[in-house]
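Q: Input: one structure, supplied below.
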């Protein structure tokens, strides 16, 4: 029969391992770290997983894009904030076979970062970068029982992005994000993307940029660096951006089209209204030149012709052509007016001579008491007069210009937009932008 005292002793013996395990697990991380770092040399890279002396360390990379804040066309750069993760195996840090009872699933030890070997990864296209340190440094480092290391850090970079602006503003831009070891060749470090999720996007990333939208990304491009010091393994992420066209439709194409249409009003103004037609032509031409300068100020100087240059050049040609058309019409009118003046003067001189020759041929005629009625021109007559081909050459030139110039501008638009859409569709893949 079990006595109360023996039952209490048995219960105490059953609870002792639980308490002991709790006290032991609180000390286990410190004991494991002390055991791992006792003979650890951070100056030596870890041996490969399948050999103790030779072979490269495989570094698996995963990137989470947290923010795309700016794409600067003038400086050809973009700003990105990301969580950069690297995984590799360091057999010297494996603690699953060290004899510890019930070891933790992993050790989170960011404070020992400076005591461990970490890949010397750098970003060749980076112009400026910084790590986030508020409230503490945004990074962590985990050690798993089999020696796998997970290193994660939040960084912000401004990276270069050489842009091809031939199709601006209907262009696609492919920006590369490269990472490579600075000192270790491919014999020492081999980079590879995480096969499950090489790149992650935070929800909403790429859709809130002012002028661009992130269309796609790829991670299969080869960027191995071959130099006189060796070959260095490299990983490349390509970001494909599409420029938002709606902004340029409202701010560029619509205003310039309206300026061209306004310049056509000159064809409908009387050819003798010199002040009005010249003022209209000069004003539209200066406005077109000002808009062209403002648009080019937002772009870097390049040595090739952009599709926006073709559009602006064509619009300026149509506006300038309207001014030249009036100059030609005015010149033709002045020539014909001079001819008429000479003919009129000749007729007056002829009549004067005929009067002097008439001596006795005068016949008395009583003064006329009749009245002359002038028919008023109706609105229909005015419209018919505008759309009826005149016989006077300067007026005939204006008449043809009212229809030929708009049709020419319409034909230019058809050719321009069809060509741009075809070229833009062909440039919508990263391979076409390499």
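The backbone N, Cα and C atoms fix where each Cβ goes, glycine too.
Not measured: the values here are computed from a predicted model.
As annotated in Swiss-Prot:
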- 66, 85, 152, 181: L-glutamate binding site (BINDING)
- 161-175: disulfide bond (DISULFID)
- 223-234: disulfide bond (DISULFID)
- 50: N-linked glycosylation site (CARBOHYD)
- 216: N-linked glycosylation site (CARBOHYD)
- 426: N-linked glycosylation site (CARBOHYD)
- 1-22: signal peptide (SIGNAL)
- 270-274: topological domain 'Cytoplasmic' (TOPO_DOM)
- 325-398: topological domain 'Cytoplasmic' (TOPO_DOM)
- 247-269: transmembrane segment (TRANSMEM)
- 275-296: transmembrane segment (TRANSMEM)
- 304-324: transmembrane segment (TRANSMEM)
- 399-422: transmembrane segment (TRANSMEM)
Q: Just give me the nearest neighbour of residue 426 (N-linked glycosylation site) among the recorded positions 66, 223, 234, Cα to Cα.
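A: With Cα distances computed to residue 426 (N-linked glycosylation site), the winner among 66, 223, 234 is 223.
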Q: Sort the recorded positions 66, 152, 175, 216 by C-alpha distance from residue 234 (disulfide bond) and give me just the closest.
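A: Nearest by Cα distance to residue 234 (disulfide bond): 175.
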Q: Rounded to the nearest angstrom, how far is the Cα of residue 66 (L-glutamate binding site) from the Cα of residue 161 (disulfide bond)?
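A: The separation of the Cα atoms works out to 19 Å.
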Q: How many whole Å apart are the CA atoms of residue 66 (L-glutamate binding site) and residue 216 (N-linked glycosylation site)?
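A: Answer for this pair: 15 Å between alpha carbons.
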Q: Rounded to whole angstrom, what's the largest C-alpha distance between any two of 66, 85, 152, 181, listed as binding L-glutamate?
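A: Farthest Cα pair among residues binding L-glutamate: 23 Å.
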Q: I'm checking region-level scores; what's the whole-number mean pLDDT for the topological domain 'Cytoplasmic' (270-274)?
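A: Across the topological domain 'Cytoplasmic' (270-274), the average pLDDT comes out at 82.
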Q: Residue 181 (L-glutamate binding site) has how many other Cβ neighbours within 10 Å of its own Cβ?
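A: Total other Cβ atoms inside 10 Å, all chains included: 21.
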Q: Quick check for the class: what is the C-alpha distance, in angstrom and rounded, between residue 85 (L-glutamate binding site) and residue 216 (N-linked glycosylation site)?
A: 21
Q: From the Cα of residue 152 (L-glutamate binding site) across to the Cα of residue 216 (N-linked glycosylation site), what is the distance in angstrom?
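A: For residue 216 (N-linked glycosylation site) versus residue 152 (L-glutamate binding site), the Cα atoms are 24 Å apart.
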